[in-house]
Amino acid sequence: MVDVNRFKSMQITLASPSKVRSWSYGEVKKPETINYRTLKPEREGLFDEVIFGPTKDWECACGKYKRIRYKGIVCDRCGVEVTRAKVRRERMGHIELKAPVSHIWYFKGIPSRMGLTLDMSPRALEEVIYFAAYVVIDPKDTPLEPKSLLTEREYREKLQEYGHGSFVAKMGAEAIQDLLKRVDLAAEIAELKEELKSASGQKRIKAVRRLDVLDAFNKSGNKPEWMVLNILPVIPPDLRPMVQLDGGRFAASDLNDLYRRVINRNNRLARLLELNAPGIIVQNEKRMLQEAVDALIDNGRRGRPITGPGSRPLKSLSHMLKGKQGRFRQNLLGKRVDFSGRSVIAVGPTLKMYQCGVPREMAIELFKPFVMREIVAKEYAGNVKAAKRMVERGDERIWDILEEVIKEHPVLLNRAPTLHRLGIQAFEPVLIDGKALRLHPLVCEAYNADFDGDQMAIHVPLSEEAQAEARLLMLAAEHILNPKDGKPVVTPSQDMVLGNYYLTMEDAGREGEGMIFKDKDEAVMAYRNGYAHLHSRVGIAVDSMPNKPWKDSQRHKIMVTTVGKILFNDIMPEDLPYLQEPNNANLTEGTPDKYFLEPGQDIQEVIDGLEINVPFKKKNLGNIIAETFKRFRTTETSAFLDRLKDLGYYHSTLAGLTVGIADIPVIDNKAEIIDAAHHRVEEINKAFRRGLMTDDDRYVAVTTTWREAKEALEKRLIETQDPKNPIVMMMDSGARGNISNFSQLAGMRGLMAAPNGRIMELPILSNFREGLSVLEMFFSTHGARKGMTDTALKTADSGYLTRRLVDVAQDVIIREDDCGTDRGLLICAITDGKEVTETLEERLQGRYTRKSVKHPETGEVLIGADQLITEDMARKIVDAGVEEVTIRSVFTCATRHGVCRHCYGINLATGDAVEVGEAVGTIAAQSIGEPGTQLTMRTFHTGGVASNTDITQGLPRIQEIFEARNPKGEAVITEVKGNVVEIEEDASTRTKKVYVQGKTGMGEYVVPFTARMKVEVGDEVNRGAALTEGSIQPKRLLEVRDTLSVETYLLAEVQKVYRSQGVEIGDKHVEVMVRQMLRKVRVMDPGDTDLLPGTLMDISDFTDANKDIVISGGIPATSRPVLMGITKASLETNSFLSAASFQETTRVLTDAAIRGKKDHLLGLKENVIIGKIIPAGTGMARYRNIEPQAMNEIEVIDHTEVSAEAVFTAEAE
């Protein structure tokens, strides 16, 4: 067997008859499967042991030879070779067809490859193949046209007219085969190339298509007549098994039925031919044979599918490959694994960041082989069998062994759906009682898990390498940052936030205010004994915390703080400043001086002079974690997170915050606000009845009135809220809930959406505290139901988007250090109208500069060319007033099949420079797809007549961008650069005309009357600028401008959608995806190259083809860039394995086979499919081809052997 990690590429071609015979171990002549009495395979049948191999290991059919010692002997009685039964999965048979049969893929596919080769319509082909018409093969001296069709009657008439043997005409696949044999590829290709020089329109398109197919046959060495089969391969029996069920009946694969039909019809045809039966009977049998083979290859592609019992269509060979249940997606890209378990999860608040709790029963089952090995090693049992019995009996001694075995052996936990790479992380197992897995509360956010019945799967990495990989790369404590934006993903939530919020509150005049303590212990003692409250402001000696980074002026003084904050700062990393205020200045620059007492100053005076600080909220904790990570990296951060979690839980328990109905305040002037709104609505309706406004205007005014009323109530709520109210604390701290929840409890519920998505005019005036009336309750249910259905639909949509994104970018890997390009991307802040969606500072962080950046006023060089921009550097550049910077970008990277380190920048998940081998394509796809579920589904209606366009937002807009579709509400763009000289309105046609005067001429653009204009007379516009509001169609922009403009536009559009929903995604992820959409060009004029016009090809391949021609002084080919949606881009990839496993499997394989395509296995997917180690991380060639250096003495002795081995390795590669 060839070693899978040894071969470099995989090719697919058409199989010639001789090739099929070379695979076969014998002809299947009978339709029998197994004998109903003996249950042994029948001779010469579909399960024959002579052809396919023995059914039992090392045993022939008759039982003369048993045992491995007879290996390789062919039994003289039954003719079966003594070998492993596994060969029944590998050995193929064949059927000699008594009449040629066309292969349905090549005849029926779109476009029909057979039709293009012969220049016949698929309709004509069908008539010939299914014996409805004759086709003229050789007219000899008659005036008949070759390839013309004749009906039965015309054929007889022509024979009488010209005499027998005066011309040749046939029907059936045989006729097609004769025609295909006559095709002279070289002559046809030359003729078509001539025709292309003058042809245009439909004629040209057809010629290009034919040329494409003929050229494919010519270059690949496939012969066109191989599209017609004379011999049919029979796949190995274990791939179409028959299994006995409990009731003595058999369940068999559908393929056996389909093969049986072919054999039956083939044998009947053979008999008819022997008997010299009448032509019409033979024809009918040949047609039935053709249909049987069609059904076997692709049942249902032509006519009605052949059905089994219960009128269920049978699954043919094509169906075995297609779809989610097909071979590719079900068995090759994802397999079920052993050493795995699944259970409900429960919270494990006492676990460390890198631990998870595994139930004892589960662990003993998962680690059984390891435990058994130890039992034998400790000599508790003599052999493995006895050890297994010990484990199964539940011997007391196995538990101690289990503890030893699982120490330092990480396990993987996964929660479905795995939307990004944080959905699988490694933990060290801790044995626990019970049956639920225990999960650390902080990793819940990454998994999107909660403990309301979620289940998780556990997997055990077995080999040493797998364990090392899990420990070094996947340990949960290492995954602090989210790969999508580089922000911490393990921020405390809910109780932890609430506990720390309560702990860091300040309050005036509580017991113990103004006490001074010598150190933390004294303060805690006073608190425990009731002398001081957590929130009291007290003094503490600075010298009791010598390791904190105090300023010199602050040492040896007394600092004002609270007992809670002393405890809070006690868990902080030593080198962080003492946190007194929840802001970044305190965190980065140190504690403000106003909290320190001058010698002899009265502490009470200082306390009275200070305002009360707000407590630390969720956002502040996130900032502290980010800062900690920036300074101390993972180990210290994960330890700190555990301390933060424990402190939060402890104090939220002590605080005992609860929610009762009395905690919901009553707004005193609610009735006034609502009456005023009613009054206003009445006025609006009056105005409408008098005809002063349209119905649309009235609707907008009414809904606005109610919205304002709700906002007024909300504002009143915020003004009157008590900071110590438990609901307010939960909301304010970011632990749970937001102002909208609070205002529904205490204010009013407000406007609801009707089932059609339109907002209803009647608001819900009650809140939940007062209770809703029946009608109001009924209105509420619309919204609730819509929410549920939207979520369900959105999840499926978002999942499919992720799948397409992963597919298109799976081969983008960091392949080299520096591609050496001299191009770059000029970036500035992304704005949407007036507001900034993404600042320049955010966009610069973690990127490399392309040119040096200078201070706009002083001209001082802030940072050189090709330098990494850190967070501090980015801030410095923006503070200097720089508005645009040219950076290295994925868009302009010159690396083939991937990106280089400098164009990519830092790896957001680690905060360090990205390493060669990082699969950045997959990470990008997950980063864009994972937040997809958070985006809305709706299309906003800008109500009223203000515009006739609906702005698509949320998930539909993202799909629109990535599929490069024509957007809804498309903007009109200008093709000339110049000034807007006139905008004239034409009332008769309900349009406006915009005139743009450029250097080369005047551009005239017609826009709809209702469109909102983006330009005014006198404005200067660039090519490709939008004249009206709306989305630009990217394909149109590509025609007017260059690739880079389109890439920049798409990047900005994607960011607008995500940022408007509060989701942050790193630019580089979007860049990777967009670059994949623009990596192809279409050849316009081939020049002196041997490219075909109209071909789609990779930019790099196109450049290569031109390079040689230019060097030899010829005319290079010209091309234009093509923007493809991600689905199309995935199918156009150079790897046929990746494309076939994505969508349209049969079409992709048909095309690849004709071209004799080679898959060079560059991406991740194709390597997973064939079971080769993926070329990412340490699987890259540059990491795998490291030869160990031998010692000197050995080198001298083994010199000859080494060189021979080196030669062999090189050949194998």
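Any Cβ shown, glycine's included, is placed from N, Cα and C.
According to Swiss-Prot, the protein carries these features:
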- Cys60, Cys62, Cys75, Cys78: Zn(2+) 1 binding site (BINDING)
- Asp450, Asp452, Asp454: Mg(2+) binding site (BINDING)
- Cys819, Cys893, Cys900, Cys903: Zn(2+) 2 binding site (BINDING)
Seminar exercise, completed: Same-chain residues at least 6 positions away from Asp454 (Mg(2+) binding site) with a Cβ under 8 Å from its Cβ, in sequence order, are Val344, Ile345, Arg415
Exercise. Rounded to the nearest angstrom, how far is the Cα of Cys819 (Zn(2+) 2 binding site) from the Cα of Asp452 (Mg(2+) binding site)?
Worked result: 50
Exercise. Out of Cys62, Cys819, Cys893, which has the highest number of nearby Cβ atoms, where nearby means within 10 Å of its Cβ, if these are the binding-site residues?
Worked result: Cys893
For this session: Quick one: give me the count of other CB atoms within 10 A of the CB of Cys900 (Zn(2+) 2 binding site).
Result: 22
For this session: Could you say whether, by DSSP, Cys900 (Zn(2+) 2 binding site) belongs to a helix, a strand or a coil region?
Result: strand
Seminar exercise, completed: Cβ atoms other than its own within 10 Å of the Cβ of Asp452 (Mg(2+) binding site), all chains, total 6
For this session: In whole Å, note down how far the CA of Cys903 (Zn(2+) 2 binding site) lies from the CA of Cys62 (Zn(2+) 1 binding site).
Result: 68
Exercise. Is any of the binding-site residues Cys819, Cys900, Cys903 within 10 Å of Cys78 (Zn(2+) 1 binding site) (Cα-Cα), and if so, which, in sequence order?
Worked result: none
Exercise. Compared by Cα position, which of the binding-site residues Asp450, Cys819, Cys893, Cys900, Cys903 is the closest one to Cys75 (Zn(2+) 1 binding site)?
Worked result: Cys900
Seminar exercise, completed: Rounded Cα distance, in Å, between Cys819 (Zn(2+) 2 binding site) and Asp450 (Mg(2+) binding site) is 45
Problem set entry | Other CB atoms within 10 A, centred on Cys903 (Zn(2+) 2 binding site) | 31
Exercise. To test your reading of the Zn(2+) 1 site: which residues beyond Cys60, Cys62, Cys75, Cys78, same chain only, put their Cβ within 8 Å of the Cβ centroid of those residues?
Worked result: Ala61, Gly63, Lys64, Tyr65, Asp76, Arg77, Gly79, Val80
Problem set entry | Among Cys893, Cys900, Cys903, which are recorded as binding-site residues, the nearest neighbour of Cys60 (Zn(2+) 1 binding site) by Cα | Cys900
For this session: Provide the number of Cβ atoms within 10 Å of the Cβ of Asp450 (Mg(2+) binding site), excluding the reference atom itself.
Result: 11
Problem set entry | C-alpha spacing of Asp450 (Mg(2+) binding site) relative to Cys893 (Zn(2+) 2 binding site), in angstrom | 42
For this session: Please compare the binding-site residues Cys60, Cys75, Cys78 by how many other CB atoms fall within 10 Å of each one's CB, and tell me which has the fewest.
Result: Cys78
Problem set entry | Asp450 (Mg(2+) binding site) and Cys903 (Zn(2+) 2 binding site), distance between Cα atoms, whole Å | 39
Seminar exercise, completed: As a whole number of Å, the Cα atom of Cys900 (Zn(2+) 2 binding site) is distant from the Cα atom of Asp450 (Mg(2+) binding site) by 39
Exercise. According to DSSP, which kind of secondary structure is Asp450 (Mg(2+) binding site) found in, if we only use helix, strand and coil?
Worked result: coil
Problem set entry | Residues close to Mg(2+) site centre defined by Asp450, Asp452, Asp454, Cβ within 8 Å | Ile345, Ala449, Phe451, Gly453
